[in-house]
Each structure stands twice: as structure tokens, then as C-alpha cells.
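Scroll down for the structure; my scribbles are underneath it.
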Amino acid sequence: MTVAGSALITNVRPYGDGDPVDVAVVDGVIAAIGSGLDAPEGAEIVDGRGGVLLPGFVDLHAHLREPGREDTETIASGSLAAARGGYTAVFAMANTAPVADNSSITDLVWRLGREIGLVDVHPVGAVTVGLAGEQLAEMGMMADGVAKVRLFSDDGKCVHDPVLMKRALEYSRGLGVLISQHSEDPRLTVGAVAHDGPTAARLGLAGWPRAAEESIVARDALLARDAGARVHIAHASTAGTVELIRWARSQGIDITAEVTPHHLLLDDSRLETYDGVNKVNPPLREASDVAALRRALADGIVDCVATDHAPHASQEKCCEFSQARPGMLNLETALSVIVETMLVPGLLDWRGVARVMSERPAEIVGLDDQGRPIAVGEPANLTVVDPDQEWTVRGDGLASKSSNTPYEEMTLPGVVRATLLRGRVTARRAAADTVGEWS
Ligand SMILES: NC(=O)N[C@@H](CC(=O)O)C(=O)O
Ligand SMILES: [Zn+2]
Ligand SMILES: [Zn+2]
């Protein structure tokens, strides 16, 4: 069970600003911030080594695969991956087997997450029964369960029928919940395995056009407008999606969006090797889309980073490209990819990283105990980052049960040194001066 803890984090710079301070935590709450603080009774000591202290990260989009595919990830392994990635809350997508389309599944996922206690696991409920896109799921029942489901998605599939999506948005408004749309017109992506552009044409891969995403983003913005509802765009991947969101906001439409680490770092030039590890939905796009997404995240047009952490078994990835399952690991590498793509080029500072990794996602789903300021009286959901260290990613060294990382053998900047959930240390690096090892 998740119990509150006491801790003393020494020698850290909140948001990377100013001189290092100590942060004392008593029973899960920040009790003091200053220099030379005494350790509270029973406190765990975390040596911050002059690193950056951030609010714990919040992921609106992860696939933890339990129930059903425990060979590829479990709530336990996914929770550990999340904690090591600096996360204190994760939303677990509904495309499990069975599908999380009723409160017995969503409450089970919630309870398992609480028992493991490494990260707050919030189940996402399905919008339609069995993700079949035909009949609305009992969203109200899931919202009323112990898990208090507040985010709904058929992710993996698009809620394609516009009448059904319209009704789902109307219900979501009444229930005070949010729908996250996997924007993909299925008629435009039949057989598609890669971004529809020059690279796919040259490699002989069937193309997934930008319009398959953008047409649904435009449609759903209009449906949300007319329903007076909010809508959230999962894994935005194109420059056109950014422009549509900008337009919708200018019309006063209540639309939010996330971008994945891989769409900020990688483009479709990766496909040359036909390695299934690079297959993902939506597909890796072109360098111009990557640039537009980075700018949009910096400007706030895209609100936040979400991992779309999607573990798959090696036999599902190491096969012919057209047969490989789409999806990539991300929980343990997200922070480093954001440092590489946003902080190093000067598009975001550490305050900005806190905004896109923690504050905005918590606000979007209305979590009142996450993404909070680092201040006395606030819950101690915190992450300590060493900004000056690098590490080399190796899939077999990750906590995830799968190893389908597209960053294999890449050296990335920024190392999570420790994560605290309500003042309890949920992950910490082993020795003060080594990376890659956890205690
Ligand atoms: N992103 C992916 O390529 N795959 C996801 C589903 C999804 O997010 O659409 C999965 O469940 O594996
Ligand atoms: Zn999706
Ligand atoms: Zn997903």
C-alpha cells in the first residue's frame, strides 16, 4: 500500500533555479525548504548532489498491459519503470484483455496500482464496449467506482463513428470527464505501416497519411465545440495537427494535446533498416513535423508530453516490418529525450520541463495532488534529476518486461536520480557517482 513517508532531500535546486537547498518532508508533505535542515524523524535521506528538483511527472498515456499481456508488462513492472523515469502518476490505457470498459476492470487496475505503491496508477476507461466502436461503455459507472475514472479513450483505435463520438463528448461533459482521442481515420490507414511520404514510397511501405490524423482532429474539435465539451488529442504527430489545434483554440474550443518523446526526437529516416522497433502509431513523421511539434510544445499549443509507453514481446517486434506490432517503450527514457530535444536546444528551461511533464498533465485530468508547486504544505511527489550526467540506453537494462526501445545504444543527457511518491522513495540510483544502477 502507498503510505506517506518522511524524507530529507539535500542539496537540490528546485526547478534548477538559484542556490541548492534542502527539502524536508514529513508524512508525505513538504514541511520545510532551506539550508542545513535537520532530518525529520524516520526520514529517508536523498543526496541531491546539486541536481534539479522537479514535481513528479504525470503521464496521461501508457500501456501497462495488465490484464492480459503480463508477458510484456505488468502493473508492477510498469510502475517500477515509471518510478525510475521520474513519474509519480501514470494513466494506464484501456486496450487490455479484457478491455477496461467496465468498473470491475478499472477498479482492479486501480487496486493493483495502490498495492504496488510505486506510482499512482489511474486506469483509463474505454469509450466504447470492447473498443469495438459500436456502443458506448458505462463511463458513469467507471467514474463512480473506487478508481474514479476521469480519462476515457479507445486508444489503439479511433472512436471513428462521428455520431458515437458526438454522444460520447456530450456524456463526458455531463460526467465531468475527459475523452482522449487516438486520431486515425481507419479508412485512410488500411494496411498502413509507415508515414505516407517519400521514405515509405522508396522503401515500399504502405503509407499512413497525415490527413488520417488531421481530419479526425478537425472533426473532433468541431464536435467538442458543439457539445460544449473538452477533448484531448493523444500523440499529436503532424505539423497540420498543430495548426488545427491553434485554430481551434482561437475559436475558444476546449482542446488539449499531448506529444510523445519519440515524435519529438525521431523521424521516418529511421525506417531505412526495416527494423520493427521503429514502427509506431501514429508513425514517425518527417523532420518538418518534428520541428513543428517541438515549437508547439515550447509555445504551449501542445500542452504536454505523454509517453505512449507501449511494450511488446520481442517476437512481435523482431519480425517483418509489416507484421511488427506498433509501439515503443518510453517511461524510463522520456525525461532524457525531453532534455535532449527541448532543454538542450533552449526551447524549454527546467520550469518549462516541469510544466509539460507534470503541471499541465495533472491540470488536464484534474489531479489535485500531482503537478503541484514545490512549496511548504504541498504533497511531496518529487523527482531529483542530475542534469549534467548522460547515460546509454540498453533495453535489457530497463525495468520494463519488454525491451522495444528505439533509443537502444543512444547516449542521452539527464539522469533521474530519485523519485518520491508522497515522501516515500520509489526509485533511487545506487551509488552517488554511477548511473545505470538502481538500489
Ligand atoms: N502507439 C502504438 O503504436 N501502440 C499502442 C496503441 C496506440 O497508442 O495507439 C499499443 O497499445 O501498442
Ligand atoms: Zn493511440
Ligand atoms: Zn497508446
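Here the Cβ of each residue, glycine as well, is placed from N, Cα and C on the backbone.
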Matching residue for the Zn(2+) 2 site, where TrEMBL names D155, H235 - out of H122, H182: H182
Substrate site partner of H63, L64, R65, N95, H312, P326, G327 (as recorded in TrEMBL), chosen from N102, N281: N281
Same Zn(2+) 1 site per TrEMBL - residue from D289, D299, D303, D308 joining H61, H63, D155: D308
Candidates near ligand 3 among the binding-site residues N95, D155, D308, H312, judged by a Cβ under 6 angstroms: D155, D308
Cβ neighbours within the same chain of P326 (substrate binding site) - under 8 Å, at least six residues apart: K279, V280, N281, P283, A310
D308 (Zn(2+) 1 binding site): nearby binding-site residues from R65, N95, H182, H235, G327, Cα cut-off 10 Å: H235, G327
Rounded Cα-Cα span from N95 (substrate binding site) to H235 (Zn(2+) 2 binding site), Å: 16
Integer mean pLDDT for the domain 'Dihydroorotase catalytic' (51-238): 98
